[in-house]
Amino acid sequence: MISVKKFLATGLQRCTALAVLTLLALLALLWSAVAWNHQDAERQELDDIRRETATLARLFANDADSTFRSVDHALLELRSAWVNRPADLGHEVKGYTEFLDEAFLQIAVIGADGNLAYSNLGMPNEPTFLGEREYFKMHQGTLQDKLFVSRPLKGKVSGKWSIQLSRPIFRNAQWVGVVVISVDPNYFVKFYQNAGMGKDGAAGMVRDTGEVMAHSSGQDVYVGKVIEASLFTSPGAPQQGSFRRKSQVDGVERLSSYYRLPQYGLTVLVGPSLVEHLAPLRSQQRQTLLAAGLITVLVLLVAWLLLRAMVRKEAAHQALVVAEAAARDSSQRLNEVIRGAHIATWEWQVQTGATVFNARWAEIVGYTLAELAPISIETWNKLVHPDDAKLSGDLLARCFSRELDTYACEARMRHKEGHWVWVSDRARVVEWAADGKPLRMAGTHQDITERKNAEERLKESEERFRSIANATPVMIWLAGTDTLCYWFNAGWLAFTGRTQEQEMGNGWLEGVHPDDLARCAAFYLRHFEQRLPFQMEYRLRHHSGQYRWIHDSGVPRFDAQGVFVGYIGSCVDAHEVRTIKDQLAAMADAVPGVVYQFIIHPDRRAQFSYLSQGIEALYGVSVEAGLRDHNALTHCIAPQDRVSYSAWAGRASQRLTPWQHEFRIIASDGTPKWVHDQATPQLQSDGSVLWSGILTDITERKQVQEKLKESEQRFRMLFDNSPDAYLIVQMDNAVITDCNHATEVMLRGERAQILGKTPYQLSPLHQPDGRPTADAFAAVIHRLLQKGSHRFECLHQRLDGSDFWVDVCVSVAKMGLQQVLLVNWRDVTERKQIHQALQSIETRSRHMFEKNTSVMLLIEPVSGEIMAANPSALAYYGYAAERLVGAPVGLLNTMAAEALAQERQLALSEARNYFNFQHRLASGELRDVEVYSTPIEQGGKALLFSIVHDITARKQVEEKILHMAQHDALTGLANRALFTDRLQRDLASARRDQTSLALMFIDLDKFKPVNDEHGHAVGDLLLQAVTQRMQACVRDSDTLARIGGDEFVVLLRDVAGESEALAVAEKIRASLAQPFELAGHSLNISCCVGVALYPQHGLDDLALSKHADHAMYQAKERGRNQVVLYHAPPV
């Protein structure tokens, strides 16, 4: 061993020591870099987990909030039904069980005594006390009306775990109980389990008091358990955050994110397992450590060898011997490597031409070395392709002149079998003469025939692609990795009329419309940088000079190894399509409403992608404001409708089903309006949902419905308070759909027992004459269909089983758009008994005749002389017996004597027994009466026994009901139903008499601004004044009707021609154009009148109405305040 002092003395030893120290420093740097990389990668991974779980926590919290708000809305509605409409509670419960669907378990009401008062699952046999429940104690005795979410409970009735949401019930400002909806925790669990958090990941909902409300795994183990306090439950905790902790239950370490819902006292947690999420990173880190360890071992080995070389200073000669041996060994190994790697090598003595080839060199061209002998540089010259020999010579010359450091040439060589093979020939001059000339050159050959063949095939494929691309009518372009376009097909060049050279690079942008250029270029570059497919539309200059809209689609291209190589795009001329779309947009703006498209992205972002111009008139919000922020519209929804709107909209979004909803808004100018929203969803390829729909102003319809409701209430009052019994029966199945109180009294039952039955079910099986009741009813229906009304007597059965006789009058009536049977029936049992008694025992009959409270007369059928009148008749008519008995019946009956005599003959022959007359009392008052007259024999002489009933009140009720059903409540004009009947009647008369008639559709101009500015009260006064003016313009024989808010129709009978019809229309137009002085306001309106004539413009009511309506809209299009006669379009 040599001394250290001598070791440090030599320069070589100092360099070696420096190298060793450098290697050790590099090792330290390597391990520092590995440690930093591991820490940074783990930090980034944890940050990614926090971001992902924070998003999921917010998503789960939004779902829980939406569910709880829907349940709270249901609680408020059910509470209202329980207090105000207990009979409707079952219907309300059914609606909300369908609405809440999978989330719903039970709806219950607990009384003030703590006992269960109602459960949609049915009431248990024994009283169930729930007064110890947390939600009951929370609401007990309080006047605070707030939603409470209790800890999870196992229901005594349902036997299932549930989350209880409750509100107190108040009646007359007093607390009377609690309404509760039980939500299934599994509803949330299903949502959590679909989030893909891995085997050991967990999501859940925790109460601020620590109870677990729902959990994605181990639901039965976790629900109801109390976990230790966490940072999110402490006072003042932020609404959302993250923390890292090992689970108290399963021991899994998780990085959890939370989102608090303080309004419910809940927090939503999402926590994936760190072991699972960090597993790929840990695997990568282990590989990095392994690689760093191997490098460390190698470096230490090299350092150890260097140190060993320094301290082992053997004799110089022995070291040289060892070095030469190592060199020889290295040379031998190199040769072995060359042979093993199948590399062709050559060596050339440049000045002498002597060459040495190895066996692989000869094998490439199909020979052995023996077959090529004698070998020299001429061997190469004979085999190389003549076209490549010159290239090789030029490259060698440049290499010999030292212009090139390395010789590299691809050349063809003739194979032994006659074909050409491609070789990659690479070499360097390894020895130079003193005068600078090359002495020796060494190189290799590599067979690249397969590569060259592949390149040739690729070239052919490229040429085929360009041929196909040039033949297609689509415009195609190619761009490289530098964003610049390098090729356009013939279709593109034909469209633009430019050359390939003009379009290449960014030249194609010269043809883009200046207004589209910045947007188009920015869109292209943004997608190019992100390697994303794109579609865009812009205007490109056609060779004719016109700018035309084109649709451009581009997709990124990647080679077989996945390396990005550029973009390919295709364009189609979309000018006509874009023009049509613009026209459709214009049409959408002309639609009476708002056409829109609303998109909800996967990340819950939402926006309007299209709004028609009608939004400004309906909401008072500009299109730009609505497109910029959809809340500009949702904030207009009336507060009382926001919860229901959100609930139904959210439900439709979850189920992706079409929806329609009516709600109130407050426009930007403060005007309240009703809006109908109808939309259909479409799921897009990126997971977003596109809603296409229309918003319609239904304010006027709602106002009309409200007035109709008031009219129906008035009808209901008259119907219910009528002294006569009434039924309403469906035409198709004879089911009773309505009855009044008099019917309940007559049948001795409740309304609910009557509705749903048929008259046949309220009758005995057989009538007294032995006929089956079913046959008797069938005969009644047959006569009813022939005549439209029918009157008869039959035996019916009360609900208590007793039989009674009724006098029935049935007629067909219209209720709205539906035809029904209006049945007026009266208990005539007493009269039948009187009739039977008179026929059997005359003496007893006389007694009943004298004592009966009904008005009774005996009349001689031929002369009409009153033979007898009972005391009730004398009292009713106000005559003394001396004046009435012996007087002609004409004293009482206002009918002409001849017609009255015919009626008596009908009664005598029993062809008819029921008659309606007008009788005059002694005071001169006229009364409507109904007379039942039947022949009897008294003293061998035929007389008419007549029972008289005063039906004046009933007739008045019937007339009022009929008038209300056929007339507009505000103006007193005919309504649509009566107008339709008269139009059909007058058309039939015109066909029969071959006369003409005219139909006018009239729509008021500027009526809506009057309503908006002065209120509906002034608007109603204006409609009444308009009615008076139009009535003054038409004849009494003409029909004037109101069929809508500000829409009227006029039907002129027997007109001379279009000149007469137009004169009346012009008279109406001029009358309405004059100012109206109403309620201190001077109001100016006008009207548009559309006129159609029969038979010139239509042969039936539908055609005539359609054409009159069309003419009216033509008048509006011409600037309003117009009269237009319908003209058929040219064929």
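Note: Cβ is positioned from N, Cα and C throughout, glycine not excepted.
TrEMBL annotations:
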TRANSMEM  289-307  transmembrane segment
DOMAIN    407-460  domain 'PAC'
DOMAIN    461-516  domain 'PAS'
DOMAIN    534-586  domain 'PAC'
DOMAIN    659-710  domain 'PAC'
DOMAIN    711-788  domain 'PAS'
DOMAIN    790-840  domain 'PAC'
DOMAIN    841-886  domain 'PAS'
DOMAIN    995-1128  domain 'GGDEF'
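Residue counts for the domain 'PAC' (790-840) under DSSP (helix as H, G, I; strand as E, B; rest coil) come to 12 helix, 31 strand, 8 coil. Helix, strand and coil residue tallies for the domain 'PAS' (711-788), in that order: 41 helix, 12 strand, 25 coil [DSSP].
Summarised as a single figure, the pLDDT of the domain 'PAC' (407-460) averages 89. Counting residues per DSSP class in helix, strand and coil order gives 12 helix, 30 strand, 11 coil for the domain 'PAC' (534-586).
Helix first, then strand, then coil: DSSP counts for the domain 'PAS' (461-516) stand at 30 helix, 11 strand, 15 coil. Note on the transmembrane segment (289-307): residues 16, 19-20, 23-24, 26-27, 30-31, 34 of its chain, located 6 or more positions outside it, place their CB under 8 angstroms from a CB of the stretch. Helix, strand and coil counts under DSSP for the domain 'PAS' (841-886) come to 21 helix, 10 strand, 15 coil.
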